[in-house]
Amino acid sequence: MSQLKYILDIEGTVCPISFVKDTLYPFFLKQVESLVKTNDPTLQNLLAQFPVPQDASSLHEHIESLVNNDIKDSVLKQLQGYIWEQGYKSGEIKAPVYPDAIDFIQRHAPNVYIYSSGSVKAQILLFQHVEGDIDLTKSIAGYFDINTSGKKTEPQSYTNILKSIGVPPSSASDVVFISDNDKELDAALDVGISTILALRPGNNPVSNAEKYKALNNFSSI
């Protein structure tokens, strides 16, 4: 049998699902007022992609609405990545990755990949700044997001990832996707990828959880 490759979701899988909504989102929202008044050309170009009037008030309202409704918007994700970078670099943000997930990622390097709706930039920052001054990026082979691969609930996204990591469709079952979201697992299953449901404290209940192989700790793999 071929060496297994693992694709990991982030929140609710390798770190608490509360990290994004209780730490990252509030940190970002505190910066929105200054963000919409920025003179940085890169940020201005991103803001210009929002389908609203470009005055500060309209932009502020639109961004807050996207965040509060947890809309997976690619422009928003890029802006968040920029703001979170400042927080990680200043030490204000540290990622609470589960110890068993840290051990798993290190043990299975270089066969671990990350797939999240957050931007690749934000993913790298998270794994560079893990609590305990741990940098996991050297153990992770690659990162995928909605810009590089597509939405996590669409089978085509997983076909795209298989191609990116050099796995032919006939060997898809040698890839294991671990997530707390059953819709994402179903999309991966549709293209033959093996799946595991992550059952972490605080995760949203999955009505048909018995349908999936499941774990509450990576040490069980």
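Keep in mind that glycine also has a Cβ here, set from the backbone N, Cα and C atoms.
What Swiss-Prot lists as Mg(2+) binding site is Asp9, Glu11, Asp180, and the listing cites sequence analysis. Per Swiss-Prot, substrate binding site is recorded for Ser116, Ser117, Lys152, and the stated evidence type is sequence analysis.
Its own atom aside, the Cβ of Ser116 (substrate binding site) has 23 Cβ atoms within 10 angstroms in the protein chains shown.
Glu11 (Mg(2+) binding site) is 8 Å away from Ser116 (substrate binding site) when you measure Cα to Cα. Apart from Asp9, Glu11, Asp180, the residues listed for Mg(2+), the same chain places the Cβ atoms of Ile10, Gly12, Thr13, Val14, Ile17, Ser116, Ser179, Asn181, Ala198, Arg200, Asn203 within 8 Å of the centroid of those Cβ atoms. Each residue contributes its Cα atom, and for Lys152 (substrate binding site) and Asp180 (Mg(2+) binding site) these two points are 12 Å apart.
Sequence-distant contacts (6 or more apart, same chain, Cβ under 8 Å) of Asp9 (Mg(2+) binding site) comprise Tyr115, Ser116, Lys152, Phe177, Ile178, Ser179, Asp180, Asn181, Glu184, Ala198.
Taken residue by residue with DSSP, Ser116 (substrate binding site) is part of neither helix nor strand, so it is coil. Looking at Ser117 (substrate binding site) and Glu11 (Mg(2+) binding site), their Cα atoms lie 10 Å from each other. In the three-state DSSP scheme, Glu11 (Mg(2+) binding site) is classed as strand.
Residue environment of Asp180 (Mg(2+) binding site) contains 21 other Cβ atoms, counted within 10 Å of its Cβ in all protein chains. Residues Ser116, Ser117, Lys152 are the ones the record ties to substrate, and the longest Cα gap between any two of them is 8 Å.
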